[in-house]
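Participant: Quick paste from TrEMBL:
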DOMAIN    1-284  domain 'Major facilitator superfamily (MFS) profile'
TRANSMEM  7-26  transmembrane segment
TRANSMEM  67-90  transmembrane segment
TRANSMEM  96-118  transmembrane segment
TRANSMEM  139-163  transmembrane segment
TRANSMEM  169-186  transmembrane segment
TRANSMEM  198-220  transmembrane segment
TRANSMEM  226-247  transmembrane segment
TRANSMEM  259-283  transmembrane segment
Amino acid sequence: MDSQRKSLAICASAALMVITILYPFLNMIWLLLLLRLFHGAAWGVSTTANSTMVVDFIPKTRLGEGIGYFSISTTVGAIIAPSIGILIYDSFSFDILIWSSAVLSLLALLALQFVYSPTIVKREKKPFRFWDMIFEKDVWFQALLTVITTLGFGAIITFLVLFGKQREVDHIFLFFLINATVSTLLRPFTGKWYDKKGPWSIIIMAAVLGFFSLVILSYMTNESQLIIAAILFGAGYGTVMPCLQTWTVQKVCEEKRGAANATFFSSFDVGVGVSAFVLGILAE
């Protein structure tokens with residue numbers, strides 16, 4: 001991944017486009033599950049390769065600020081995409097939704113052709129090990145912090161809607177909208193803060209804000225409390241994730257940035273998955 005980042009990004013984008021087109025043609029659950037498995041793998045390669053190429057362009061002294069700006073794109077996409085997807089599905093059909101997604105994948109694939117990505121020359125030839133490609137041992141501590149941080153996020157996205165219904169609080173979608181908006185607005189500033197002060201002040205602040213956000217949610221009885229919790233959670237979680245990613249890639253040399261990014265995103269997925277599974281059992 002570290003020596004051919006652009007090629008991997010192009011292949012992953014092409015795979016995402018093809019996989020998206022295949023969805024309407026499958027009518028068996030096991031085939032859909034298999035396709036989703038490939039979809040997740042292609043998405044993982046795409047996000048890792050693209051973010052690593054971005055890191056290559058950012059000056060080392062402004063790495064936190066640069067990753068903060070880049071992460072805004074994923075946040076904005078997360079805000080806009082579900083609304084547009086639901087609108088297309090309700091107004092037209094599932095097939096139109098799929099083909100619209102495929103067209104967007106094609107546009108991304110074409111745009112990648114114009115992206116310059118220098119080839120990182122490896123300093124020494126090492127035997128290929130799959131584990132080394134997806135996990136960088138030098139960033140194990142940052143990976144652990146990422147897992148711990150995403151445990152709360154996984155609980156929110158998995159159970160908040162059901163919890164809101166239980167507490168009879170309407171408009172739960174406001175939490176996700178406000179959370180994403182606050183995250184987007186703060187990330188450029190916290191990126192500059194990271195470049196000047198380092199990671200720990202942001203991590204501590206985010207932990208405190210996240211703690212109070214979850215406490216407020218646990219006692220939530222109305223929309224006002226929901227909004228306050230969303231603001232605190234967005235200010236905490238939304239700023240700490242770019243911080244952890246920046247810290248992760250700073251801990252390794254240039255030729256290991258791909259593996260470091262893969263470790264970061266894998267840790268994110270592990271945290272979300274573990275929280276949904278474990279807290280689901282506890283909720284029973």
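Numbers run from 1 along the shown chain.
Backbone N, Cα and C define each Cβ position, glycine as well.
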Participant: Among 7-26, 67-90, 96-118, 226-247, which stretch has the most Cβ pairs under 8 Å to the transmembrane segment (139-163)?
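Facilitator: Out of the listed stretches, 226-247 contacts the transmembrane segment (139-163) most.
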Participant: Can you name the far-off residues of the same chain, 6+ from the ends of the transmembrane segment (226-247), with a Cβ under 8 Å from a Cβ of it?
Facilitator: 51, 63-64, 67-68, 71, 75, 142, 145-146, 149, 152-153, 156, 164, 169, 171-172, 174-184, 186-187, 190-191, 194, 199, 202-203, 205-210, 212-214, 216-217, 220, 261, 264, 268
Participant: Which listed range (67-90, 96-118, 169-186, 259-283) shows the maximal number of Cβ pairs under 8 Å with respect to the transmembrane segment (7-26)?
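Facilitator: Highest pair count goes to 96-118.
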Participant: Find the average pLDDT over the domain 'Major facilitator superfamily (MFS) profile' (1-284) in the predicted model and report it.
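Facilitator: It averages 85.
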Participant: Checking distant contacts: for the transmembrane segment (67-90), what same-chain residues at least six beyond its ends satisfy Cβ-Cβ under 8 A?
Facilitator: 51, 54-55, 58, 96-97, 100-101, 177, 180-181, 183-184, 187-192, 194, 238, 241-242, 245-246, 249
Participant: Within the same chain, where does the transmembrane segment (169-186) have neighbours whose Cβ lies under 8 angstroms from its own Cβ atoms, ignoring anything closer than 6 residues to its ends? I mean 6 or more beyond.
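Facilitator: Hits for the transmembrane segment (169-186): 72, 75-76, 78-79, 156-157, 160-161, 220-223, 226-227, 229-231, 233-235, 237-239.
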Participant: Going along the chain, which residues at least six beyond the ends of the transmembrane segment (259-283) come within the CB cut-off of under 8 Å?
Facilitator: 1-2, 44, 47-48, 51-52, 55, 132-136, 138-139, 142-144, 146-155, 157-159, 241, 244-245, 248-249, 251-252
